[in-house]
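Chemist: What TrEMBL lists as transmembrane segment is 6-26, 33-51, 63-89, 101-122, 128-154, 196-217, 229-252, 258-277, 286-308.
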């Protein structure tokens, strides 16, 4: 387990530290350019490559799995929103802050961190639950739910309308990339293209870490630390606890199935939140701070989740 965490966290530490170091030498426009590049090109390529790898049909052998896991995933997103909204009233800030707070507290890093840790904490027979949760969350979470939130809070109240959010979701490049990747799973590309797509995954992850480090280096004082700490506690402590209790009470889950849902719902704040903040001009400082704080908090919470829900 310690070795797993080391391998999962090493790229985060290395690339984030590099971002912190090189920030002073970079032009002002580069961080936003990097964030928008990830949104429009990098992450779509990553999801296209991952979709071509994912064999969703392999889940069909387990009765009820294709339905119950996406339902839990969507319910967790809505549960997080219900927890966050009352707390937002405590922060008398501008709308861009509210949007970032929701993204930081609700969206999780179920892919890079979640799927690296899950195999060492749950039985291999239940690992498909964690994988399907991650796929569902990564498609519906950041680039469905997240885009709606980011678009809503980036607009003035007068300019907001339901069709604007619908238009934003329908034009998200990541969703189309995932759809095309899924539909072309059986299409064989030349080996050079296939290997290039796989390398894109590592490059995109590194760029996301680098962007986090750059934004951390640009923090203006400690103003964003307090709300980021609150968002991190909600993401890593409150939401997974509620998921564990509710899946036990309402669905009768137990053992590794319940633990898989708790672990995936309690992953640190997603790097996708920072990418959305760059694209929609939200509060980058809050999300960057929450990513780091929630990543550290996860180390403290993992033994507790295994003890309570394993």
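Even glycines carry a Cβ here, placed using N, Cα and C.
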Chemist: By a Cβ-Cβ criterion of under 8 Å, what residues six or more beyond either terminus of the transmembrane segment (128-154) are in contact with it?
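Modeler: For the transmembrane segment (128-154), the nonlocal Cβ contacts are 47, 50, 54, 56, 58-59, 62, 65-66, 69-70, 72-74, 76-77, 95-96, 98-100, 102-103, 106-108, 110-111, 114-115, 118, 122, 160, 164-165, 168-169, 172, 174-175, 178, 257, 260-261, 263-265, 270, 272-273, 275-277, 279-282.
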Chemist: Which stretch from 63-89, 101-122, 196-217, 229-252, 286-308 shares the most C-beta pairs under 8 Å with the transmembrane segment (258-277)?
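Modeler: Most Cβ pairs under 8 Å with the transmembrane segment (258-277) come from 101-122.
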Chemist: Do at least three CB pairs under 8 A connect the transmembrane segment (101-122) and the transmembrane segment (6-26), leaving out pairs fewer than 6 apart in sequence?
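Modeler: Answer yes, regions in contact.
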Chemist: So which of 101-122, 196-217, 286-308 is most in touch with the transmembrane segment (229-252), counting Cβ pairs under 8 Å?
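Modeler: Answer is 286-308, with the largest number of Cβ pairs below 8 Å.
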